[in-house]
Structures are given as structure tokens and as C-alpha cells.
Amino acid sequence: MHADEEPLLASHSSETTLVDQVIPDDELHVSRQTLIKQEAWWLLTSSVPLSLSYLCQNSFNFVSMLSVGKLGVDELAAASLGVMIVNFIVLMPSIGLANALETFCTAAFTASSDLTRVGFHMQRGLVAVTLQLLPAVLLFVFIDPLLVLLGQTDQVAVLCGKFLRIWLLGSWPIVAFECLKRFTQAQGIMQASTWVIATVMPVHIINSYLLVWSPAFGLGFVGAPLTTVISSWMLFLGLLLYIAFSDARAAWGGFSWRCLDGIWEFYRLAIPSAAMLACCWGAFEMVTFGSSLFGSVSMAAQACIFSATSLTCQTPAAIGSATATRIGNSLGLGKQRRARYSAYVAIAIGYVLGIACSLLLFIYRHNWGYIFTDNHEVAELCAQLMPFFAAVQTYDGMNNLLAGIMRAMGKQGLGASLAFPSFWILGIPLGFYLAFGPLELEIVGLWIGLIAAVITFALAQQWYIFFRVNWRHEVKACLDRLARSTRTKSPVQHLLTDSYGAIA
């Protein structure tokens, strides 16, 4: 076995497997420097459109909140609560389920001579996210009294319930859009979602005025969720049209009920993927909840700090998605060296960008708070917290990136098992102890706990990737996984008859 195929801590064995016999390392002649240059260029050029796509898509809610904020305090509170509920009940699990497509679709695109296998797996994602919506529909229809029981005022509860029920009209297209986005990315078409989102974004901004504030068409509060519904359908239909009239269409073989056969193999990765996302996302929300217990100043400062995450996390997440595509494609082709260097190059790029971003946040820590408020007390607390956010940002970005590598290898279960103790056994208990315990560090204590969790999770994932992953074994695991999910007999049969092709 070539040294580039082994983990840094390898346990050598004389056993020769079927995959060793039929999967040649066809890139041994390619130098390490060449591979690094090729992977760095591919990741950088592929991540740029994805970063723009992520940033624009996440700004949709920001635009809606700006339009609602001028209607009144109750309206803003109801819309903010509605967005939080949507994120937790619908988007977080749906995106987690859709992330499993980065494991299956990317490998299927290169491992199978039948491109429609990519569409076959995407159908499973559509089924999974659709079924996941059903409980949300029932909950949102009857959520008003539940919100009152949880302490919300009648006015906020009624408005929030109205927001959620209107939002449901656009719930399926937005989760389907997430599946279609991964369908195109698996084929290396990174710019598809970017073009669609860039087209819809101006329409969303215009509708946010017309449907909320316009004297002629303005509907007031209900105009905000209605704008989101319209944008969600435009995103879905726009990407669907792109696929229909582009090369991506070749990977769609039509809907087949056979996608339900063996769907458990999809859920084996999709459920841990959603759990890993829930562990990380939920921990950040717990810090926000804890900060609210220290008064309005702490809550306002926390809101200012967290608003930066919508900017700083987009590039690492984009690199993570691009890396997942690259590694998945490489594993499907049996190119273990390329997969390995894709992971290492992505990690290096992530650290460079993360450290640069952290330095900028630290340098401008005294200015950030004043972007959102004129309150001197809030701005000063924001400046006090910014070094902690700067410290956590590099590793939080790395976690977004590393998650892409883990998804490419089908290691969502391992990722979830590392995330839970990092955040919910170490970070959150430590943070709340420091905040409310004898030291009474308040919001600073919460951030110290979060820093401990984020760094622990990042280092644990990196240790596994650098020291435990055997990339030749990952090729076999990838092909075995595809075979189980499609009920085929031999995970490596295509390698005996098909040529590899090149990843340009």
C-alpha cells in the first residue's frame, strides 16, 4: 500500500481485499505538489459561487426582518420567534437530511456508468424531507395556544401562528430546493444555485416592500411570510428549470417508486447528519437563551455578535460543500490520493481564511456594535465579547468545513457522536456553570463554554481525519454503501469493465 493511502497512525495488515485487487491507484505518477495545486484551484474556484449563494440565501430572512421591524415591537417579536421555530422544526432537520445526498449523489456521479443513479438518490432525499414536513404542518396549525402556554403574550402568539401557517405554503419548495441544490453540486455544477438565488434576491427585496409597506399592495405583517413563500417557490422552480435545460438533466431518470427500496440506507446517514447539525446549532441557541437571562443589554449585545455569524460562516460552509463534492467524486472513481489531498488542502484553506477573519473581527471589535445600535452600553459589551467570538469563529468555520469532509466519507454517525459530548456534555454545562456559578462571569462564561465545545469538536474531527482515515478503505466503503443502497450485487463490478475518466 502506498504511503499516501494510509492514515498517519496505520495498523498494518497483510490481508489483501477485493478492492485492493481491482482498484488500482491510477494517480501514483502524479506528484504531491501537482495534486495540491489542482485541488487548491478547484476548491477555491468552486467555493466562490457557493459562498455567494449561501450569503444571498441567508439574507432573505434578514431582509424580511427589516421590513417587519418597522411595523412594531410585537410584529418583530412574532416574526423573530417564527423564524426561530422554522429553523428548528423544519430547516435544521431538513438540511441535515439533505446533507446525506452529498454522500450518495457525489459518489454515484462518478462510481456508476448510469448517471441516473444520482437522480435516484436525490428522489430519496425528496421523500425524506417531504415526510419530515408532516409533523410541522400539524404543529403549526395548532401552535397559538402552545405559545401562550410557553409564556408568550396573546398578541405575539396569534401573530406568530399566522406567520407560521402562511410560511407553510412555501415549506415544501424550499426543502426541495435544498435537495436540487445538492443534486447539481454533486455533478460539479456549483454555479446553478448561485444564478437562481441572484435572480430571486432582487424580487424578494421588492416584494418585501410591496407586500408589507406599499400603499397599493401592502398587507402589513402577513406580507412578510407571503414574500418568503413567493421567493421559496421561485427558488425551487428556477433551479428546476435550470436542470431541465442544462447538462444536469442527464442525471435525472424520472421518478420511480424503487427509490423507497433500500431507503433505510439513506436514513442511516441522514438521521445522524441531522443530529450533528442539531447539536451544533442548538448549542449556539442555548447561549442566546442564557444571555437573555442577564437583561436586555446582554441580549442586545448577543444579537449583535450573532449577526456576524451569518457572514463569517458562509465561506467555510461553502468550502465544506465543495470539498464534500470533490472527495465524494474522487472516492467514487477510486482516486484515494486525490480525495486525501482534497481534505488536507481544504483544511489548510479553512485555517487561513478563519484566522484572517478572526483578526479582522478583533481589530474592529469597538466598531461592530455601533453598526446596529447607538446605545453605548450595548456597543461596549459587544466589544468585550468580540474577542471571544473571534476566538471561536476560526474553529466554528472549521467545523462547517470538516463536516463536509465527514459527509463525503459517510461518517455522519461519527460526527454526531463527537458533537454531542463536545457541546452538551462539555461546552454548555461549563458555560452555564461559569455564567451562573460562583464565578458569576455571566455572558462571558457562556462564551467560554462555547469556545471549549467548538474547539474540542474541531480538533476531534481533525484528529480522526489525519490519523485514523485509511483512504483506500474509504473507497471500498463508498462503493459498498452505494451497492447496499441500490441493491446491486458487487460494489466494485463497474471497475472491472468501466474506465475511470478524469476529474478535471
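Keep in mind that glycine also has a Cβ here, set from the backbone N, Cα and C atoms.
Predicted, not measured: the structure shown is a model, and the values here were computed from it.
Listed in TrEMBL:
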TRANSMEM  80-104  transmembrane segment
TRANSMEM  125-143  transmembrane segment
TRANSMEM  163-180  transmembrane segment
TRANSMEM  192-213  transmembrane segment
TRANSMEM  219-245  transmembrane segment
TRANSMEM  266-284  transmembrane segment
TRANSMEM  341-364  transmembrane segment
TRANSMEM  414-434  transmembrane segment
TRANSMEM  446-466  transmembrane segment
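Each of 80-104, 163-180, 192-213, 219-245, 341-364 was scored by its Cβ pairs under 8 Å to the transmembrane segment (446-466), and the highest score goes to 341-364.
Only sequence-distant pairs (6 or more apart) were considered; of these, fewer than three Cβ pairs between the transmembrane segment (163-180) and the transmembrane segment (266-284) are under 8 A, so the stretches are not in contact. The transmembrane segment (219-245) makes contact with the transmembrane segment (192-213): 3 or more of their CB pairs lie within 8 A, with pairs spaced 6 or more apart in sequence. Within the same chain, residues 85, 89-90, 93-94, 97-98, 100-101, 160-161, 164-165, 167-168, 171-172, 175-176, 178-179, 182, 259-260, 263, 266-267, 270 sit at least 6 positions outside the transmembrane segment (125-143) and bring their C-beta atoms closer than 8 Å to a C-beta of that stretch. Below 8 angstroms of C-beta separation, residues 61, 64-65, 121-122, 124-125, 128-129, 132-133, 136, 139-140, 143, 147, 152, 156, 160, 163-164, 167, 171, 174-175, 178-179, 182-183, 185-186, 225, 266, 269-271, 273-278, 281-282, 285, 321, 324-325, 328, 403-404, 407-410, 412, 481-482, 485 of the same chain, each at least six residues beyond the ends of the transmembrane segment (80-104), sit close to that stretch.
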